[in-house]
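Copied from TrEMBL, the annotated features are:
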- Cys96, Cys99, Cys131, Cys134: Zn(2+) binding site (BINDING)
Amino acid sequence: MEELKDLLNQRNLKATPARLQILSLVQNYDGAVPFGEIQSHLGELDRTTIFRTINALLQNGLIHKTQFGNAETYFAMCPKTCSEQGHQHQHVHFKCTNCEVVSCEDLSSNPRIEIPNFQIDKVDIILTGVCNRCLVVQVSVN
């Protein structure tokens, strides 16, 4: 918990119980955390407090989010290279169609996407398929 308090202090954020609970959950979760899981984990807090807390963590580069279509929003920890000025990590989000775990996966190379006469501010690559853990289970069953 001290590590999370230090992380918040480095971003000039007060280490409130809500911030510490959300960061702890996101840091220790297997993959990205669905919003519903955050909400049920922090059931004693009202929805507005949860949204404000998540927004503060997003704006200060401590967590990032992704969404698969119109489905639930997921949250994951940012690397230390991210800051209030922006997210400094290139990765894809992968959702396993078997276990439904969402994970952040590093890219082996950075895709360069350009559209003439447009300014691209963010690229969000979302992949679906079967994760390594589920593939291993499938192979051992067969």
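Here, residue 1 is simply the first one shown, and the rest follow in order.
In case you wondered, yes, glycine gets a Cβ from its N, Cα and C as well.
Remember, TrEMBL labels are computer predictions, not curated facts.
Long-range Cβ proximity for Cys131 (Zn(2+) binding site), meaning a same-chain Cβ under 8 A and a gap of 6 or more residues, is found for Phe94, Cys96, Asn98, Cys99, Val101, Ser103. Its Cβ placed at the centre, Cys134 (Zn(2+) binding site) has 15 other Cβ atoms within 10 Å. The Zn(2+) site, placed at the center of the C-beta atoms of Cys96, Cys99, Cys131, Cys134, has further neighbours from the same chain whose C-beta lies within 8 angstroms: Thr97, Asn98, Glu100, Val101, Val130, Asn132, Arg133, Leu135. All chains included, 19 other C-beta atoms sit within 10 angstroms of the C-beta of Cys96 (Zn(2+) binding site). All chains included, 14 other C-beta atoms sit within 10 angstroms of the C-beta of Cys99 (Zn(2+) binding site).
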